[in-house]
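Participant: Structure below; questions to follow.
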Amino acid sequence: MAVIIESSVWEPNPYLFVFIFLCCFFSIFLLPYASKNGSTRAPALFDHGFSSSFSSFQWKFLLLYSLASLMEGLWSVYGEFELTYRGVNREEIVSSLGVGYAASLFVGTFLGVLSDLIGQKEGCVMFCIIHLVTAIWKRISVHPSLFVASIGLSLATSIFSFSFETWMVLQHEKQGHRQDMLSDTFWLMTVFESVSLIGNQMLLNSLVGDNVKRNMFSPSTVAVFLALICATFIIKGWTEVSQRIELEDYRTSFSSYIFSDKRIWLLAWAQASIHFSVAFFWILWAPTLVADGREVHLGLVYPCLLGSRILGSSLFPWLMGRTSSFRTEDCLLYGFVVSGLVMSIVAFDYQELGVLVMLFSLFHGCVGLILPSLARLRTMYVPSKLRGGMISLSLAPANAAILFFLLRDGYYRRIENSVIIAFAALSLFSSAGSMYALKRWGKHPYQNWQKQ
């Protein structure tokens, strides 16, 4: 008698989605009442006491940022499936990733400085143009070059990492809004970006459907329309006079305020470590879950991770409220420690799928808390006119490390994935130490916040 072995595809418990949704819902929508009872300030999402000009500015920017996040997430959500459909093998995928991160390292590192010099609005338009050209080229070309697409999208990602945040901060200051209101926009940016990525997955699934051959290039068409809408919105919807900086003045200011301040070096290291950890997480999370031939419904795990990131971001205004004893450095210290512990456990090759998903979700919850906290510290330490250059330069060590590990592990296969994850854990622990040192070294030099 033949033995029939039934294979089952693992997927998260449906109640997990309900749990994450309810936690996010109550965290966001109960905050105004808690803020009122605790005599703290509610977030701008609900606070009608804020000026109408700030609410209009904030929602206008968040709409633009959501569209940009939707466009930026098209490749991250659908790119691997498209490459597999085109018959691209593992070595070619690794090579394309390496070329992309090489472009981010050798070109993207200096795009922040360029945007500071020519204006962040122009940098955001450049982001849209790169996506537009890449999407049109992929749509009309029968066999588009994998390397050219990777370079274009990597440069667009580099611009996305600093341009929109820096532009928002500069516009915020020009319109005369209070500095402490920036925190509300920072955590809402992380929430809206995560929601856009989840919506991106739903949109692409509905566009492609069951007829993959017919609808394979629908994402490129969507990218074209999104790029045109975003570029038009930026050019026509935002009126500003670009204040360009002379290169010599910029170089002098950067040397005085950035290179000469050891506190900003610590902040840059923290930014690099979280960038490295998140980048390699998205490269390795699927191979880790499907190790040893396990079948996992990755499409259901993905929204769990982003939902956890939304939850982590929604905790930021609770921890940073006026009645809270937490400082921003404390929040980052604990966030880096917990995320480092999570990555350490994963590095030991833990095999239980449910535990792995729980650890991955906890890691993204920490990421959701860390990102707005780092943005808040940048506003405290970094002059706004130098912000783009500081962010892009701080990502250079992370991009160099990613490129090195891609070549050693992905191409030559000389480093195990668990070693890379362990290295990410060490970098997160070192960032926790840098936040501890940052707290010990004193006051914030450039901005006066009611609560540090």
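Each Cβ is built from the backbone N, Cα and C atoms, and glycine gets one as well.
Automatic prediction, not curation, is the source of TrEMBL annotations.
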Participant: Looking at 39-59, 354-374, which one is transmembrane segment according to TrEMBL?
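Facilitator: That would be 354-374, per the transmembrane segment entry in TrEMBL.
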Participant: From the ranges 120-139, 300-319, grab the one TrEMBL calls transmembrane segment.
Facilitator: 300-319
Participant: What stretch in 15-34, 216-235, 354-374, 386-407, 419-438 has the biggest tally of Cβ pairs under 8 Å against the transmembrane segment (61-78)?
Facilitator: 216-235
Participant: What stretch, picked from 185-204, 216-235, 386-407, has the most CB pairs under 8 A with the transmembrane segment (300-319)?
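Facilitator: Counting Cβ pairs under 8 Å, the winner is 185-204.
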Participant: Return yes if the transmembrane segment (354-374) and the transmembrane segment (185-204) have at least 3 CB pairs under 8 Å (sequence gap of 6 or more), otherwise no.
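Facilitator: Yes, the transmembrane segment (354-374) contacts the transmembrane segment (185-204).
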Participant: Under 8 angstroms for C-beta pairs, at least 3 of them, ignoring pairs fewer than 6 apart in sequence. Is the transmembrane segment (386-407) in contact with the transmembrane segment (185-204) by that rule?
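Facilitator: Contact absent: fewer than 3 Cβ pairs fall under 8 Å.
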